[in-house]
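Participant: Sharing a structure below in structure tokens format, with a few things to ask.
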Amino acid sequence: MFKEKIQSILKNICGALVLPVLMYVVMMIFCFQNGKMYYGSVAMWRSLISTIAASATCAYGIGIQFKSGRLDFSAGSVMLLSAIIAGNVSQMFGNNLIIFSLLCIFLCVLLNIGVAIVYIYGRLPIIIVTLGMALLYESITAVVFEGRGVNLTANSTLKSLTLFPLVLIPLVMSIFIYAIFTYWSVTGRQAQILANNQQAGVNIGINEQKNILVSYIYSGIILGLATMIYASTGIISASFSSLSSIGGMFTNLLPVFVGLILARFCGDTMGILLGVITMSLMEFAMKAVLKAELGSAVTTMMIGVFLLFINIADAKGAVFIKWVQSKLGK
Amino acid sequence: MKENEIIFQAINIKKEFDVTVALKGADITLKRGEIRGLIGENGSGKSTIMSIAAGMQSATSGEMVYKGKTWNPTSMIDANLQGISMILQEANTIPGITVAQNIFAGREKEFTSHGIVRIKKMIRAAQALLDKYEIGYIHAADQIDRYNFEDRKLIELVRCINENIEILVVDETTTALSHNGRNVLYKLIHQLAEAHKTVVLISHDIDEILEHCTSLTVLRDGEIMGELTKEDMQKSDIANKIRYLMIGREMTGDYYRSDYDSVCSEVSRLSFQHVTFGRIKDFNLEVHAGEIVGIGGLSGCGMHEIGRAGYGLEKLIEGKVLCDGKIVKSCKDAIKYGIGYISKNRDTEALILNGSIQDNIVLPSLPDLQKGIYISKKSEHMLSDKEIERFHIKCADGNQWVNTLSGGNKQKVSFAKWTAKGANIIIMDCPTRGVDVGVKQFMYQQIMEMKKAGNAILMISEELTELIGMSDRLLIMKDFEISGQFKRSSGLKPADMINYMV
Amino acid sequence: MAHQRAGKKISSDVKQNIIMFGGLVFCIIFFSIFTSLHGQSIWNPEKLSTLISDVIVTALLSVGAVFVYALGNIDISTGKQVGLYATLMVVIQQQTGSLLWGVLLSFLIAIFIAIVNAITGELLHIYAIIPSVVFMFVLSGLSTIIYSNLGCRSISLYNYDYSIFKNPWVMVGTLIIESLLVAFVFNKTMVGKYTKAIGANAISASQGGANIIKYKVMAYIVMGVCTVVASLFQMGYTASASDSTGTGYELNVMIALILGGMPLSGGMKSRVSSALVGAMTFSLLNVGLPLIGVPVNFTFMVKALIFMIVVLITCRKRGGVLPR
């Protein structure tokens, strides 16, 4: 009995860590071959922590909706608009960090509630609602503050949230809130029911509308934490004509997928974090070896292909394994 | 709390969905300690009226009185907590979560302290309940996916019953349960009645109702047709009287077939040879031209899967399905060889609801209608109009959308697809489910015409009377294999088959 | 009762027509009046030619997109595809002096993308939009790499007489031919009919004999081919391409289709005419809004609002549980 338990714990740990460890080793070889020997050093981890925090918070925010079967395209635009408004307003008020943080969270929650309300009362398929709201929010960024976006890269106070150690605050908080939602909140448990059998859940009497609204508030808070970091990472420009926020949001969707797959080993909270770490390791290596812009492009491409493969593997993995087994058997 | 005290009253309940009227003003009075049977054909309103009482939907008009006060539940949970619970016919359990979470679905707040849901407490409470109803072999901490359909229905039963229960409504649940499961359920029903609680058993199985109920209400077309007391139910010819009330008239002419001639051609059109897939192993069957082969059994016995396999929808691990000697590997093959399939899931599989009657009817025939790559509207029109005529489909014209049709007319469209194509081997799964009586009779006549024209018909159905009435050869399936075979004869009764089914 | 129901169906047909033509007529009247009041009339020859060129690309794209949207899918990679094809055509023309090879290569790539989109979309079931997002990433990365290697952000055709692409007769003629061909395939052949059936109810269509993957691939190929034609005209109008060519075009297609009354869930109500009418309405908005004094940075917002409003009116689901 005891031995079985140890065996199953070991199996879980191995399963969960396979991906990040593999990525680390492959990237390390890639970097060392190209003369970048600082891969794996403390300095790397120091700078990586910011990327991890930025991605993880965003992934947790998207993950709450994704778990309920809602592919939310509006998350990126919510963060964009909040960043621009919060950043500009805080600068007007003397770069107050507290005001900035509170504004980020408040705005994200507000915008998210907007999306939830349109979904609940519009009764449209979620992809259309979130695409439409993403358009709307992006278009607003072109109008507020004369469409100048926000640039906090030179702002040392506000930027401190992107650097160690302050960056840990939003990271830890978002992990905590995600865990509360998933394991301990009534809304989270009921959301799970609605996700697995919507009609039964509604028949039983679970209030679907209230559940959606509350879950959007939770993800709004987490996105607010993500915005706190995101707003200072680079020049944030307003969007004038297209769905520019979707790209950024989708790169953070990959860890969510990975997280849900690893959930059988370590639970989705940890799984998402491991997914983020894996991705960040890859991105760092790409940026180090190739030129910055090129590195971004290649990372983006690889993420895209990776996303596709992971989805297919998850959907058809069992079938594929059986097929391989049957071929080997013959 | 006396026996025979009136506990629930529904007064003049009307329920309308768009243009369909499900209930035309029904009254029901329930007393404590009663086991009331509610019987009627599909579409009679028996499920509707109780689902309104149990809080699943609200009436368009009418009043309800429960325990002396006006009754207006906001949801099934609300009704459940106040004593009226209903077990639905469809699978109403939630996959991917634990048994305990299923049992207390919607009631998570009761296990919350300081805003945090205590799962362990929920599991303990759930296990206590399972033990209480003698199904303790089900572990509350397990994922519900580990349990089969019947165990899940029992878990649903546990969900519905709590200390407050006064009225339990069981909607057609017994068809899904095996012998053991049914016993658990019947025992529970009688226990509740002895404790002065009320049970409403909704069914269309006359024998079951006569055996377990203390009183009976018959519905037809949204109205109450008759109420029978225990004495009435003891009378000798009562089953026929009930059938008369359910159907509304003496069956003039033949409902099913009048002949007992099951001669058919020797030529085998559809052949299942050593078919193995899923839980089905080594299934063999020949369907000959001009023959109606019926397959019956409890739902979950595997008969629906056989129908799908015959049409090429299932990947076989071993064995093959042959049509006139040619292997059927996919439904494209099946259609090419002249096989047609009417799925039991009418709205989700057999028909395109958001499409016109014409589009639905011509769909399988498109390859035949095309000249080169061009398909003329005129040829589509002619084809579909011919079928609308043949089946007397009630519609303005072929452009009318299928989702505006009644159940019976929708089923006619399902059939028309295949007569238009000229398919001469038809696999039909639950061909008259959800169809009203008049249309049923018409369909049975059509099926007879098909048989006389030399078509091979495989009829899969959950209604034994229909199978007995129509088949030349009747197979009963149990646990994914054939457990009994019967030839057409006038003396066959559903009672003969029950042993083979459970 | 049957006639009551028939009445309901006819009125929903009428509703679709009202939205489709109503929007167009309203825009024509509105902009005719207000643009002349504000300054330059929208029908003034200079603006008219801008209008035509604006319509052409959107219309060419939207006509092809009808096939994919009829399946109930949305394609987010259209803009990046246009960018890539335009770039390839210019680059190859600079090397070989002819547009032909660039166009051929674009066709090949488009067919490849169509096949991958259709097959993986089918495998993934619920999130059929994901492959198109992946392509958006991949193509965007490719574009960055190409321009990074070229060392500039925009390139032009070398020594090429591109006036043919600016000729309104050629533009309109191509559009008409493309629309007729696509409409024929959509309405009168099995490819189109199966596409609509798959969009309406894929299971039912497959049980009725449609090979889902085969017809999905064909639908995506039709869209891909139209995208290449549109890219040709997009590039041809200015004889150049840049790293931002095509940005946001998928959005324009979505809005054009919606304004034209195309149901976003696809199915039997899809029509090619929605694409044409919608593209015209959309271009009127695009060209007309600045002409009535709407500041540039507000146009995006107006488009987004119009999208949301029209979608709310046309696609709202009644009763039952919330749609997924």
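Here the Cβ of each residue, glycine as well, is placed from N, Cα and C on the backbone.
Automatic, uncurated: that is what TrEMBL annotation is.
For C:18-39, C:51-71, C:99-119, C:126-148, C:168-186, C:217-237, C:249-268, C:298-315, the entry in TrEMBL reads transmembrane segment.
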Participant: What residues in the same chain, six or more past the boundaries of the transmembrane segment (C:18-39), come closer than 8 Å to it by Cβ-Cβ distance?
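Facilitator: Counting only partners 6 or more residues beyond its ends, the transmembrane segment (C:18-39) has Cβ contacts under 8 Å with 47, 259-261, 273-274, 277-278, 280-281, 284-285, 288, 291-293, 310, 313-314.
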Participant: The transmembrane segment (C:99-119) vs the transmembrane segment (C:51-71): three or more C-beta pairs under 8 Å (separation of 6 or more)?
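Facilitator: The answer is no, given that the two segments have fewer than 3 Cβ pairs within the 8 Å cut-off.
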Participant: List, by number or range, the same-chain residues at least 6 past the transmembrane segment (C:51-71) whose CB is under 8 A from its CB atoms?
Facilitator: 42, 78, 82, 166, 168, 171-172, 174-175, 178-179, 182, 186, 192, 195-196, 198-199, 216, 219-220, 222-227, 229-230, 233-234, 237, 249, 252-253, 256-257, 260, 262, 264, 266-267, 270-272, 274-276, 278-280, 282-284, 286-287
Participant: Take the transmembrane segment (C:217-237) and find every residue of the same chain, 6 or more past its ends, with a Cβ under 8 Å from one of its Cβ atoms.
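Facilitator: For the transmembrane segment (C:217-237), the far contacts come to 53, 56-57, 60-61, 63-65, 67-68, 70-71, 75, 78, 81-82, 85-86, 89-90, 99, 103, 106-107, 110-111, 113-115, 117-119, 157, 162, 164-166, 171, 174, 178, 182, 185, 191, 195, 245-246.
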